[in-house]
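Worksheet for the structure shown next.
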Amino acid sequence: MAEREREAMSASLSRLLRTLSSASMSRRHCPLALLQPIPLHQSEIALGSASSGGSAERCCSSCSDDSNNNERCKSAERGTAADEVGEEGREEVELESKEDAVEGEQDELELKRDSSTVNVNVVRANFKCNDMECSLVLGDYVNGFLGSFLSKGLKTNQLVVNTDEKTLRPVARLKEPRDLFALPKDKDNDCSQQAPRWPVECQVIEERIIHIPYVPAVPEPLNAPTGNELKPRPVGEENGIVVFSYSPISAVNYEKPKAKKEDDESSDESDYSSDSRQDSTPPSRSTPMRLAGGGECAPGKLNSVSKMINNVDNRSTSASLDDNDDYYDDEYDTSGGYCGGSGEAKEKAIIKDLIEAKKKRYQEEAEVTPVGGGTARNSRAASRSEASKDASDIDDIWKNNTSEYKPASPRYVLSQFGKNVTKAVIDRIVDHEDLVPPSGSQKVSNQFAVGPVKLPKTNIARLEVAFERSACQDRSKSRLKKKMSSSRRRRESTSDEDSSSSSLGNEEDEEVDDSDSDAENTGSGIGLRRILGSYSARLAGGAEKCPCPGSGSVSDTETLVGDESRSRLAGSNGLHQQDVVCSRNRQAQSRSPLRSVPHTHAATVAAAAAALARGRNRDKDGCLGGKDEKNMGMGVGTTGTSSMGTRTSSPVRNNVFRLSKDQHILLNSMTSQETTGTLISSTSTNQTTTTTNSSQSFLCSDLPQAQFSRSAVGGARFMTNCHPMNPEEYDGLEFESRFESGNLAKAVQITPTYYELYLRPDLYTSRSKQWFYFRVRRTRRKMLYRFSIVNLVKSDSLYNDGMQPVMYSTLGAKEKSEGWRRCGDNICYYRNDDESASSSANEDDEDNSTYTLTFTIEFEHDDDTVFFAHSYPYTYSDLQDYLMEIQRHPVKSKFCKLRLLCRTLAGNNVYYLTVTAPSSNEENMRRKKSIVVSARVHPSETPASWMMKGLMDFITGDTTVAKRLRHKFIFKLVPMLNPDGVIVGNTRNSLTGKDLNRQYRTVIRETYPSIWYTKAMIRRLIEECGVAMYCDMHAHSRKHNIFIYGCENKRNPEKKLTEQVFPLMLHKNSADRFSFESCKFKIQRSKEGTGRIVVWMLGITNSYTIEASFGGSSLGSRKGTHFNTQDYEHMGRAFCETLLDYCDENPNKVKRHAKLFKQIKKIRKREKREQKALKLQKMADQGCIMNDKLKVKRSVEKSVS
């Protein structure tokens, strides 16, 4: 092989790796490491000129224009030595690949490179491996090759690519700062307290929950299961009433369609997973789409509030690289001149501006009479300009808002859409001769349309489509209607003027007027227009009460949904049947008695508003309806289907109407406040099929591979109403979880005393649902309630072994000073009989199964506020309050320094404490070894925080043992490694959707900052003073007692069994809580990424994971009792006391260690004998069975013979 050809191949690979560095493509992860460098065709590559030493290659012309790439090329020419980097205080860590190159020849290597960018889109390599033809196809690196969650880990300027002189392979080097932020020197500035920073997808209530400390005088006993507990199977929300629904919209971004926009500009600094608006979030059906070049989905104005929501959504999904996401610095300033002042005054000014803008727009619409075509065009132009002006004003309000500012309420948003829908009812006679079909750019594919929010009912999206479609079609109808006869036009324009000039308040006043005249005018649309006016007023969720007939008489399940089995009735004369149905519904309403049932329509509206706030450009189906009707030569009022308004038999049944491919279904949803059915008029079969497919893709399509970029922070500004109940009509429990560490997603009322609860999975994941924390209000005393949490994922739990959940009563805390206590009777944890459990073909049945925790509770107070949780909560705010107290303490602050370790993906501070006795003698400080203790890497394991609190209380106290420990050691305490997960209420993962306790081998600092900096801190401590012990605190959900996991030293005879001395001493000091028999010291392959094993591999013998049970103890005097916060804190103190005994150099303590060592040997020998006996017993049992079978077989043979 010619030398020049080898150099050419090396240059091409260098350029490839340099290009892929922006997508976190380090050398060790690159699949091209498996390929032997071989020459390419001269026409395919541009030969790079080798340097004199052959140690670096120049970039080709494709990246010569990029300044960043030029800088990387210059740094690459500096050589392979790590100490030649020009910046002072920085070092390079060489990441050399250890994979062996596969021998063979490469037939073809094609690099398809976009002319406007240096990003590699597709790489296909054909080569031979073990005399076999192989083909390697590498996908789009920029869209996240390294995993399903990471799209931008290592930035471009953090990789330096050189060429190895010996192997001629490109070597990626990661630049790291020499002065690690983990251990700042000579910095005495205090850490300030920070408000929790939420992902922008999450809604946050303005309420800080503070609980009083409380420990029961007598340990609470474990529950005694009888085995006869009731096991109700999940009924599902379709057979109940959704009384709470909150599911944060995921911030993951979906892979791009193959067709890209021509105006999309890409660069090395862009985030491909979140910059593109159409690709980051599926197109929306909820808002009209204003296309580029003046094209519109439908003629008419785009609602100003919809523009505001879209602008908010664009900000929320963009991956901002700025660390300071401050929305509150600028003062609010509009044309009204509001600037400065308090947040309350600004909020009033904002509301006033919105109200004035709305009145002005309505007044202009009332003044302009659309008699002629020019006047109508002027009216539409004025409305469009006014809408754009409002949108800009609202956008300015959003930019300059304050913390007290709340955007427009759902009532304001839905009233706009409700007004558009009522125009659809007025314009009944349609001529489609001049209907302009939508352009090609409007036909956006729905292939990747997925629901951005888990809606409480599948019919919500279809209902939203129906609303938008009717509004979209009506705008076209209003234009075409102007070409009719003059007499008909005058009558139509008169009714149109009356309807458009009346405001929302006037509509509400007119609704209670002559009902007979409304029934007579149904054919012209006036009656239904008034009905829908009242309906749009009710969509606000009961914020304002309006005097409308039947406001509390019918179930909202019946009003919004209707009966699926009866909503598909076909008819030939649609208009006549609609008149008949309307009159029948009027009569049925007048005859039906008033019924008070819980509301569900506001939950539907809330979810629809959430989808509206997140959706963009999803109303494509509404544009296709006009074209289909034109092609078929039919209108809405000529031929179609209608459905009879029927009454739902069960008040708790929540049926859905589905769009069928086989039937002509009406898409103009005309829902009445008084009726319990749904009036539908049809379109063509093609239109129905299109809508069906899009609805299915919106609700049921498979999610493409999601890629996590980075979550914006601050919490959702647009607050939707998660509580659908109307206090006057709903008398059940009120649920809430939009506070710190809360994770309830949905509450469904099956009966007045039975509720099914659904937990939200860890953010950006679909599993990990075990932790729960929620609030209940409006309780009734001496009434037995049953709660069933129906979507848990662990196959076993301590709930089947006597464990109980915890509760906190607000009135109990005030009257009796009670805090968190155990609660619940008839507790049972069992597997659901779902489809995955009954399917024998699925190999992953166990992984896909869900489990239910059910228990009963009887409240002691009326109208109480009660919190329920899996274990005693300990939030990020609780930790900060505690740390600030230490920092402000006059004595503790002298030997306890609070520092900032790093910031998380959401920008939350990760703190660490350095606790040691100050000394002026540097030699004494160097002799001190360090103790590293961390906690809460898993957000749901709150007992770890209580143990850490007990440890910090003891080590900062004034006892003799604490003083001796501070003089002997340097304590490095990281009390909360995963604050992001704690804040949002995750069970196990961080915002990356990954378990941080499996990422201790990571080199990606930006993705796992707390883990990376903790490991860097440990490495530095090992070099400076040494680490005597490392301990990571956790909690366990399947075992009782407290125990330790360690790492055995089989291959080192000198250290064999030494790692077990400290756990045995801890058992001696806390015999009724800590179990040495439960301790394990094995190293499993699945745990190689944990902190315990990674630190042990760094040379730390005493590397432990301490596990505290969520349940209780089975030892000594505490046998059969629950653990409480005092028990966990006691274990933290016992840890410190045992540490001093373990490291004491007193001869008596040394002799004690020798005795303990012998005792450990005896224990392990006994365990081996017992294990051997068990194996022999099993073999004997199997042998006996075989012997019995042989005896039976022989006896049968004898009898036969």
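Glycine too: its Cβ is placed from the backbone N, Cα and C atoms.
The Zn(2+) site in Swiss-Prot is built from His938, Glu941 plus one of His861, His870, His1034, namely His1034.
As annotated in Swiss-Prot, region 'Disordered' covers the listed stretch 544-574 rather than the other ranges in 544-574, 1102-1132. Region 'Disordered' is the annotation Swiss-Prot gives to one range among 362-405, 670-713, and that range is 362-405. Sorting the binding-site residues His938, His1034 by the number of other Cβ atoms within 10 Å puts His938 first.
In this view, Glu1107 (active site, proton donor/acceptor) is surrounded by 23 other Cβ atoms within 10 Å of its Cβ, with every protein chain counted. Cα of Glu941 (Zn(2+) binding site) to Cα of Glu1107 (active site, proton donor/acceptor): a span of 10 Å. Per-residue pLDDT, averaged along the domain 'Peptidase M14' (872-1143), amounts to 93 for this model. A distance of 5 Å separates the Cα atom of His1034 (Zn(2+) binding site) from that of Glu1107 (active site, proton donor/acceptor). Glu941 (Zn(2+) binding site) carries neither a helix nor a strand DSSP state and counts as coil. The Zn(2+) site, placed at the center of the C-beta atoms of His938, Glu941, His1034, has further neighbours from the same chain whose C-beta lies within 8 angstroms: Ala935, Arg936, Val937, Ser940, Ala944, Arg988, Asn997, Met1033, Ala1035. Rounded to a whole number, the distance between the Cα atoms of His938 (Zn(2+) binding site) and Glu1107 (active site, proton donor/acceptor) is 12 Å. The Cβ of Glu941 (Zn(2+) binding site) has 27 other Cβ atoms within 10 Å, all protein chains considered. Following the DSSP three-state reduction, the secondary structure of Glu1107 (active site, proton donor/acceptor) is strand.
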